[in-house]
Amino acid sequence: MEQPRHLRGDRYRARRRQAVGRNQQGRHRADHSADKERSSGLHFHGGTAARYAGRTRRRIAGLRFGLTILGSNGAVPSASRYASGHLLHSESTDVLVDCGEGTQLRLQAAGASVGRISLILISHLHGDHYFGLPGLLTSLALSGRTAPLRILSPPGLRDRLAPLLELDRYGMPFPLEFIEHAADDMTLVAEVGELEVYAFPLRHRIVTNGYLLREKPRPATILKDMIEAHSIPYAAIPTIKQGSGYTTAEGRFIPHGELTAPAPPPRSYAYCSDTLYFPELSNYVQGVDLLYHEATFLHDMAVEAAEKGHATAHQAALVARNADVGQLILGHFSARYRNVDEHEREARAVFPASTAARDLYRFTVPFTERNSE
Ligand SMILES: [Zn+2]
Ligand SMILES: [Zn+2]
C-alpha cells in the first residue's frame with residue numbers, strides 16, 4: 001500500500017503524537033461536560049494550546065474541521081438512533097458520508113446547510129447506508145439547487161437509483177455525477193475544497209469502501225523577523241513559501257528551513273463502516289485525528305460479529321491503538337443494545353480516547369498554527 005506523502009516521515013509522526021496528547025486532554029475535559037451536553041444533543045471535543053518546537057501554538061477560530069454524527073444505529077433505524085450518516089464540515093464545503101434512511105431529517109435537526117454539501121460518499125450498497133439518498137436528492141432538486149453534486153460509491157449505485165428518480169428521463173436540475181469505485185488499495189478518488197478524499201478496502205459481506213478525508217498540505221509560514229533581518233522583497237515570498245531558500249544581496253544563501261515555520265499538520269478523518277476486524281486496517285488509517293470504526297457488537301459476540309462481517313468495540317479500539325489515532329468514534333450499533341455505554345467502556349479499556357457516538361454528537365479538530373511572536 002502506498003501511503004499519502006504527508007503521512008510519511010518522523011517529523012509528521014512526532015507532530016501527530018503531540019496532537020494525540022492534545023486531543024486526549026480535550027477528551028477528559030469533554031467528559032466532565034458531556035452529561036450537560038447530552039441533554040442538548042451536542043457533544044464537543046477539542047484541544048487546547050500546546051507547545052511545538054518552542055513556539056506557542058494557538059487555536060484559530062473559524063478554520064473548521066469537524067464532524068456531526070447523523071445516525072449511529074446499524075441495520076434498522078430507531079427513534080433515538082438513526083441509520084448511518086456523518087457530515088464532515090470543512091472550511092469551504094461539507095461532505096456527507098453514508099446516507100441511511102432519514103438522513104435529511106437528521107441534517108435538519110443538526111442545523112446543517114445542505115447546500116454546502118458538494119460530495120456524498122457511500123461506503124457500500126446495504127440499505128442502511130444509502131436508502132436516504134432518494135429523499136435527500138429529491139429535496140435538493142425541489143430546493144432549487146444548481147450547484148454540482150458528486151456521489152462516490154462502490155459500483156451499482158446509479159443503476160439502483162436511476163429508475164426511482166427517473167434520472168434517464170428527466171435528470172436532475174443540478175449536475176449530478178456518479179463515480180463508482182471499488183477500492184482495492186489506498187487511492188485518491190476526489191479533491192473537494194481543501195480536502196483530499198481517499199478510498200480504501202474494508203472487509204464486509206459485499207464490496208465496501210472505507211474513506212479517508214485529509215486537508216491538503218498548507219504552505220510553510222514565512223517568519224516575519226527573517227523577512228526584516230534579510231530585507232527579503234515581497235516578490236520573493238511566494239517561491240520561498242513553495243520551498244525555496246533565498247540569496248541575499250550580499251550573496252549569502254539562507255536555507256528554506258531558516259526562513260519558515262512548518263505548516264500545521266493537515267487534519268484528517270477516516271470512516272470504517274461496515275467491516276470485520278482485520279489488523280491491516282490500521283495501516284490505512286495511520287495517524288488520523290478522528291477515526292470512526294463500526295462497533296456493531298460487544299466483544300462477547302466476536303464470533304457472530306465476524307460471521308456477519310462486523311466488528312466489536314474492543315476490535316475497533318485495537319485498530320485505533322495500532323493506528324495511533326487522535327480519537328476513536330464508535331457507531332453502527334446493533335439494535336439489540338438499548339444503551340451503548342458498555343461499548344464505550346470496552347473500547348476505553350484498550351484505547352482511552354474512545355467515544356460511543358450518539359446521534360447529533362459533534363467532534364472537532366482545532367486548527368493550530370505557529371504564533372509569530
Ligand atoms: Zn450497515
Ligand atoms: Zn453492511
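Glycine residues also receive a Cβ, built from the backbone N, Cα and C atoms like all the rest.
Please treat TrEMBL annotations as automatic predictions, because they have not gone through curation.
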TODO: Select one of His332, His343: the residue that TrEMBL places in the Zn(2+) 2 site alongside Asp128, His129, Asp274.
DONE: His332
- [ ] Taking ligand 2 as the reference, state which of the binding-site residues His126, Asp128, Asp274, His332 have a Cβ closer than 6 Å to one of its atoms.
- [x] His126, Asp274
Task: Euclidean distance between Cα atoms of Asp128 (Zn(2+) 2 binding site) and His204 (Zn(2+) 1 binding site), Å - done: 14
- [ ] Compile a sequence-ordered list of residues in the same chain as His124 (Zn(2+) 1 binding site), six or more apart from it, whose Cβ lies below 8 A from its Cβ; state 'none' when nothing qualifies.
- [x] Ser153, Pro154, Leu202, His204, Ile206, Val207, Thr208, Asn209, Asp274
Open item on the list: Around the C-beta of His204 (Zn(2+) 1 binding site), how many further C-beta atoms are within 10 angstroms, looking at every protein chain?
Closed with: 21
Open item on the list: Just to verify: the residue among Asp128, Asp274 with the fewest other Cβ atoms within 10 Å, which of the binding-site residues is it?
Closed with: Asp128
Open item on the list: Take the mean position of the Cβ atoms of His124, His126, His204, Asp274, the recorded Zn(2+) 1 site. Which other residues of that chain put their Cβ within 8 Å of it?
Closed with: Ser123, Leu125, His129, Leu202, Arg205, Ile206, Thr208, Ser273, Thr275, Gly309
Task: Extra residues within 8 Å (Cβ to Cβ centroid of Asp128, His129, Asp274, His332), Zn(2+) 2 - done: Gly74, Ala75, Ala83, Ser84, Asp98, Gly100, Ser123, His124, His126, Ser273, Glu294
